Amino acid sequence: MPTTTFRSFARSFGSKIEQPVRTHLVNVYACLTVSMISAAVGAYVHVFTNFLSAGLLTTLGATGLLLALMYTQDNGKNRSLRMSYLVGFTFFTGLGIGPVLDYVIHVDPSIIPTAFLASTLVFVSFSLSAIFAERGKWLYLGGTLMSLLSVLMCLSLANIFLGSELIFKGYLYLGLALMSGFVLYDTQLIMEKRRAGDKDFIAHSVDLFVDFIGIFRRLLIILAQKEQGSKKRKD
């Protein structure tokens, strides 16, 4: 039965999407997989070793490597160099999640795999919705998502001074919805870019990586806060 389902899925995938776009998506998700492994290594280094830990330097390192990747245009001969930039960026991003993981481990370590599985489920569901949706169906979300991103940034800045728990929760849930929407938008945008001749699957994978990390980070905090609230009620 699972084999039959997989074959049906493969036939549907193959018949609905052009070969160049299909190949491009495979490359994008392969890069995304490498990015996730690199980020996991970075998170492990922060949590379990004294070699490196999250801080200003790691943030600057991640930013610098991302800029290096974006400003080094793909010419077909420099992909190894650009992949090294990608791996470095995602490694430092994983380090940056370290403090959140420290907090979650203190609350309940089992939250981490739960949040990861939930993030994967959300990401895969929205990705498939974008891939198999009518062409360009979700591209209209671009303006709305950017507007909500501006609102999110304003909430974050305002809460630095207000320190409101209600605003913080709104920031988390709105951010979770926003990142999920970006999965839809970015996936279809990547497909349209490939149709227009853009073959830079390394840069395209960065968009999806940022979306996934945004979902994962927020689910970690949401689940940890719920667990803390449950413990307080029991006490």
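Placement of Cβ uses the backbone N, Cα and C atoms for every residue, glycine included.
Here TrEMBL flags 25-45 (among others) as transmembrane segment. Within its own chain, the transmembrane segment (25-45) is flanked in space by residues 17, 51-52, 83, 86-87, 90-98, 101, 131, 190-191, 201-202, 204-206, 208-209, 212-213, which lie at least six positions past its ends and keep a Cβ under 8 Å from the stretch.
If you look up TrEMBL, you'll see 51-71 (among others) marked as transmembrane segment. Using a Cβ-Cβ cut-off under 8 Å and counting only residues 6 or more beyond its ends in the same chain, the transmembrane segment (51-71) has close neighbours at 45, 82, 85-86, 88-89, 92-93, 95-99, 202-203, 206.
Annotation comment: TrEMBL describes 83-105 (among others) as transmembrane segment. Counting only same-chain residues 6+ beyond the ends of the transmembrane segment (83-105), those with a CB under 8 A from a CB of the stretch are 31, 34-36, 38-47, 52-54, 58-59, 61-62, 65-66, 68-69, 72, 111-112, 115, 202, 205-206, 209, 213, 216-217, 220-221, 223-224.
The transmembrane segment annotation in TrEMBL covers 111-132 (among others).
The transmembrane segment annotation in TrEMBL covers 139-162 (among others).
Residues annotated as transmembrane segment in TrEMBL: 168-185 (among others).
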Sequence-remote partners of the transmembrane segment (111-132) [C-beta within less than 8 Å, at least six residues beyond its ends]: 12-13, 16-17, 25, 101, 104-105, 138, 180, 183-185, 187-188, 191, 208, 211-212, 215-216, 219-220, 223-224, 227
